[in-house]
């Protein structure tokens, strides 16, 4: 048996799919949540923020009270706080959170909207959440947390990632830190160093909000002389608080807290650990932290007038630079003392922790063709960006000292020196930083110093004066700061002595007189090369000695800690024995008191029995008295009756 189907039947499912899509497009938020059941939240995952908000329905436009939970990257809402199954959820990364201005008739409504990231722009309005908070403060808190989880900038400046802000503002000129931070710091240094309670007293909230909106709108407002200094300080703190990730990244929060804990035991060790933590910061974060610490150091120099010492500034600013990812009051209270100590050290010792030699001024990208570079004026000093990976500090110093102009080849390197340089691996990954540190190029007079011919190199072997060992967790970075500083000073003295002898005492060869770029004789260069190689060996030996010194100091520290632990152990054992003895005495006393109490109870029971017996005896005596009274009355009556009979 065969089944015949009509010829006009259409098996195309596109029409049905379009009908389903149209029917879904007019669903309300609750219906969409039912159509796409929300993912079950992980109960073990700690919520970032919870609270009651009013949610506007999609079609009817009325408000419904819902309990919202911000957990991980999802925003859930429930009908009741006790419910375990959410009515809906939204995936926040890439979403947009914006505040909605209300009409004057709707005063008292604090409305904001969460728009999910979607390629279908026609359905954004259907999927967005329009929410209303009970107060302005609550709305700002929700907006801040939602924007932080969404990872999108809230505006041109506030709430934007630090690296994005710095990269964007390079079109206005080279800036190490955001323009907002520069303008606020310059204004405070000019008008606020003598202001009492700077950074501690709040500014005008409405003016702070106006300035924030102006910066977010792309404007660059300038502060006039009448602007309140406390308002500018509050604006700076607000910018630091609104960063999606703090200046000290969340991944290094525990490391900085550890530095604060080590300061109680060994401040030198804490400083070394802090140097390691600073070396792993992103370049933009390091520049901003360095700028702020130097700026705060200038503020505290006038602490006799403004009443803001290093400790006070560290307390009010540290929580804005170093904060936990989960803003739990218990976590904040636990980390506040350590943050205050670390911030105090960074402000007080900023010259050691943030040396100016580590500052890398930002310049426009270098031209690919070096021949097109503008010539540097004679007898002038400039800074040129290095493009190659940095080498060791000794290599970079020797090569830079040998050739003031790294781009001018004067001949091949000697074979032994070339092998020595090629055998040394770079200590730092060039990809770790967007911009390498800068080298100093110097144009000298016509007479070249003999250091010029000591080491010749090509364009591919550009070197820098100072190797950024500060940024790499190498063994030399573990040495004491004083040792490194002495090394660098000795090298600078050596370089100055060599340069002076070149200008004054070294005769030029005929080749150098005929050609300003010529080199001196090979014997002079060989002797100078030997001197520099010996300097390299001395520096390596110094680094080894410093490593041994660090090991010895570490061993001594461990031994002292072990002794301290043994002493504390003995003290604790003595205390435990004393407590056990006191506990036994108390227990014996309790037993004795219990026995006495039992005896008192028995005595009390016996007294009660005696009292009852006395009561019974008294009752018996009273009964006998009443009986005797009756008998006496009867006897008296019987005696009176015979007398009456005898009278007649």
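Yeah, the Cβs are placed from backbone N, Cα and C, and that goes for glycine too.
The feature compositional bias 'Polar residues' is assigned by Swiss-Prot to 393-410 (among others).
If you look up Swiss-Prot, you'll see 417-431 marked as compositional bias 'Basic and acidic residues'.
Under the heading compositional bias 'Polar residues', Swiss-Prot lists 453-462 (among others).
According to Swiss-Prot, the compositional bias 'Polar residues' annotation covers 497-515 (among others).
Summarising model confidence by region, the domain 'PH' (46-151) averages a pLDDT of 81. Among the features that Swiss-Prot reports, domain 'PH' is placed at 46-151, with the record citing sequence analysis.
What Swiss-Prot records for 160-354 is domain 'Rho-GAP'.
Taken from Swiss-Prot, the feature phosphoserine applies to 363 (among others), supported by a large-scale study or a structure entry.
What Swiss-Prot lists as phosphoserine is 396 (among others).
Marked as phosphoserine by Swiss-Prot on the basis of a large-scale study or a structure entry: 403 (among others).
If you look up Swiss-Prot, you'll see 407 marked as phosphothreonine.
Among the features that Swiss-Prot reports, phosphoserine is placed at 537 (among others).
Residues or ranges marked as region 'Disordered' in Swiss-Prot: 356-559.
The local packing around residue 200 (site 'Arginine finger'), expressed as other Cβ atoms within 10 Å of its Cβ over all shown chains, amounts to 16. Annotated site 'Arginine finger' per Swiss-Prot: 200, in sequence order.
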For the domain 'PH' (46-151), residues assigned helix / strand / coil by DSSP: 25 helix, 42 strand, 39 coil
